[in-house]
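Per TrEMBL, repeat 'ANK' is recorded for 91-123, 124-156, 157-189, 190-222, 223-255, 256-288, 289-321.
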Amino acid sequence: MWFLHFFSHSTFHIQRYLQILGTYFRKYRKTSLNNLTFVYLLAIILNCVSAEKPKLKPKPDLTKVVKAGDWTATQDFLEINRDSVNSINDSGGRAIHEAALLGDAKQTKLLIKFKADVNVKNKLGMTPLHIVSSKGYTDCVKILLDAGALPNETDNKGKLPIHYAVMEGDQEIVTALLRKKANPNLKAIDGFPPLFVAAQVGHANIARLLLENHADPNMQGNDKRAPIHKACYEGHLEVVKILLEFKADKEIRSKYGWTPLISASSEGHVKLVQLLIDQKVNLNAITEYKTTALYAAAADGHMDVVEALLSAGAVTNLPDTVSPIDIAKSYGHHQIADLIQKRGE
């Protein structure tokens with residue numbers, strides 16, 4: 001019947017269907033068509049209108065092609081879909097991020113050739129340069145930098161690519177970033193510059209490299225800790241020597257008044273304590289909590305540090321401070337308490 005073909009086209013509006021049905025019913029109401037036929041026709045209309053629309057084909061996903069690692073397949077895809085080079089996939093990434101994650105230099109070059117944005121950020125705020133710097137992909141770092149990647153872009157944590165390279169201890173990547181004017185004094189959200197990271201993980205050569213490129217040895221984070229505080233706390237002797245060589249302040253105070261000596265004493269790093277003693281630091285600096293380096297060493301049971309501090313002239317009974325003898329006894333370090341008491345007599 002002719003109307004079946006007509007009604008099969010569900011793109012018409014339902015109101016138009018009903019208008020046609022009304023006209024048809026009025027024309028043939030005196031014929032053999034009855035109410036049952038009318039209902040049948042109406043059912044066909046409603047079925048056509050409610051029919052599911054054809055599903056659109058998903059857009060081609062370049063990131064999946066790149067992830068497969070076949071350089072020629074990526075090139076073939078881009079030749080046909082040039083405008084997809086900077087398209088975003090469902091997870092918010094782009095093809096050049098995927099190439100960076102893989103450390104695929106060949107595909108990175110190819111994407112750049114097809115005008116991929118080398119400074120685009122993913123959901124974490126990371127550029128491709130952040131990613132390759134964090135993973136030690138030196139070749140990709142150099143390719144991106146030569147293509148105009150910005151070394152001082154920050155991610156959602158305020159970190160630069162150089163923060164990640166320093167954390168990984170990759171001197172070659174740090175050097176490449178510095179040559180492209182990466183700023184060694186830019187702070188992350190926590191307030192710490194790359195030099196603090198080097199001090200934290202103990203990368204002495206990278207600490208020297210940063211300092212030679214004008215990193216500030218006394219830059220403090222949000223809690224007022226400087227790189228020398230962290231290096232002393234972690235026990236990185238060589239890093240501390242380098243920091244002192246570049247004029248780090250050996251008496252610098254953190255938020256609660258800790259000096260580098262107190263940091264080293266609290267963790268029992270006797271070689272660092274001796275180094276600072278040789279630097280003529282103040283042995284009796286007092287924190288906001290009325291404690292000293294001697295108190296910190298006694299509290300944690302570091303006998304060798306206590307002996308070094310006492311031999312250098314640390315005062316055992318400073319007025320208006322918490323007693324190192326009492327804290328040693330409270331933690332069961334009775335030999336330390338006896339030693340301090342004997343030296344104080």
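Each Cβ is built from the backbone N, Cα and C atoms, and glycine gets one as well.
Sorting the repeat 'ANK' (91-123) by DSSP state (H, G, I as helix; E, B as strand; all else coil) yields 17 helix, 0 strand, 16 coil. Averaged over the repeat 'ANK' (91-123), the predicted model reaches a pLDDT of 95. Long-range neighbours of the repeat 'ANK' (190-222) within the same chain, counting only residues 6 or more positions beyond its ends whose Cβ lies under 8 Å from a Cβ of the stretch, are 157-158, 160, 162-163, 166-167, 169, 171, 174-175, 178, 184, 228, 230-231, 234, 236, 238-239, 242-243, 246-249, 252, 254.
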